[in-house]
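**Q** This is the structure I have questions about; it appears just below.
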Amino acid sequence: MNDRSSTSAGWFVDIDPADVEAATEAIREETAEVPRNWPAEAVEAGFADDEADYYAKLRESTVESTREAVREREAADDQQLKHSIRAMDDCNRTANELAERLAEWAGTVDPDAGTGVEYARALARGEADDDIAEPVIGSLAERVADLADEADDLREFVDRQTPAVAPNLSALSDPVLAARLIALAGGLEELAKKPSGTVQVLGAEDALFAHLRGHAPSPKHGIIYTHDAVRGTHPENRGSAARAVAGKLSIAARVDHYSGELKPELEAELAERIETIQARTTDEDAGTDGGAADE
Amino acid sequence: MSEQLPEGVKRRAFDGTDRLATRGEPVYGEPTDGAWRAWNPHRSKLGAMLEVGMDTGLEGGETVLYLGAASGTTVSHVADFAGPTYAVEFAARPVRDLLETADSRERLFPLLKDARKPATYAHVVESDVDVIVQDVATRGQARVALENRQFLADDGRLLLAVKARSEDVTREPAAVFEDVREELAAGYEVLEAKRLEEYHTDHLGIVARPR
């Protein structure tokens, strides 16, 4: 009856009460078809002295086991990617916001003050006008420059890490877009399990739900809009392009998650398909300007 | 107001307003009054169920299986007044916070498991628990309740918070609730159902017992 292989035993069966490691592993890995009165069985089996002792042991083991499982799950590389891309976006957004504030402020002191992060950088380097004597303005500029630098570092990290985590996905789009898709889906596995129609509108949730509630057209694309093949296609054919890109990206995500091998033919297939779509004549002209990628 | 609050849950005045409270270490920055800490019904569906006066049958000291524990906001209050409390949550991030609330609660057992797969924790969670509290934001909330029925004692209670938007964002919440109640009937008898609108949009609180 108390046989592990029958999958009807409690977690404590065959475990030395002093062996925390074995206990935590049993909690994580074992299963049972039906629950039973485990506290009573544990006392009967001599695993615990009494019910209170059982619960104390159970708590120690569940806390330790769960802590370990959480650590493992969160250390997964795609999760690191998720945090880095979000941090990058946060840094960029905050730097831009502060740069705007800075320009507003500096403009009151120096009529020739510039705008944007680049101006903040120049100010921080001391290359801008000397009119701005107020040290807090200079200090704010330094903060903006630092944040912008941080965002650049994070982008480098994303560029470096994404191809290791999702080689096909980053080859087919670019590391930043690949990381964004992973972040939006919640992880590589989650992305791999999504249908391509969902991948197509990831990042356009507001528009999608407005559509589902019935008072808006369906969104043609979400974040994959930043993909060259979508942006470089004439607006009239962008829906088709987005569909094609999403289809290939979902396949790439699945290959990355389930096998991890590089499949260069995916890229060629996508290029061919996009070429066909872009060759369609539109009302004006086939508008294929190549869509230079700079954000 | 005549109400049946479980032992260990009280109405206390915080800054002049009467609020539900339990005794324990604060976990989410809630106001405290001595050993008591306020239970915010806006952040807790079970708290809202008590607040709207549903008869949960809770008395205090029960053995509880909590499905969808998230970061432990509600579970921490439950563990304050109940007995052994098994807290199941599938997302890793909130469980990090849940572990912290378990630090000061000796009968709270956190489990990183999927409530849709009871076999993965049936070797840990005991049978015949007195109460199942369920607050999972996934599709198929009735099915989760049915699949976990095996843990519940014959005279036990299911306290279920149904989130309409998790089932289908496009449908009328009332229609979703109707479907959930119908599906639930395969294993439970619904004793009471009440919208929690005042605290949680598009949520239905259900008290049920196994049939």
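Note that Cβ sites are derived from N, Cα and C of the backbone, with glycine treated the same way.
The feature S-adenosyl-L-methionine binding site is assigned by TrEMBL to B:Thr73, B:Thr74, B:Glu89, B:Phe90, B:Asp114, B:Ala115, B:Asp135, B:Val136, B:Ala137, B:Thr138.
Map these features onto the structure and tell me what's around them.
**A** DSSP assigns B:Ala137 (S-adenosyl-L-methionine binding site) to coil in the three-state reduction, outside any helix or strand.
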**Q** Which has the fewest other CB atoms in a 10 Å radius around its CB: B:Glu89, B:Asp114, B:Asp135, the listed binding-site residues?
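**A** Ranked by other Cβ atoms within 10 Å, the binding-site residues B:Glu89, B:Asp114, B:Asp135 bottom out at B:Asp114.
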**Q** Would you count the other CB atoms within 10 A of the CB of B:Thr73 (S-adenosyl-L-methionine binding site), including those on all shown protein chains?
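**A** I get 22 for this one.
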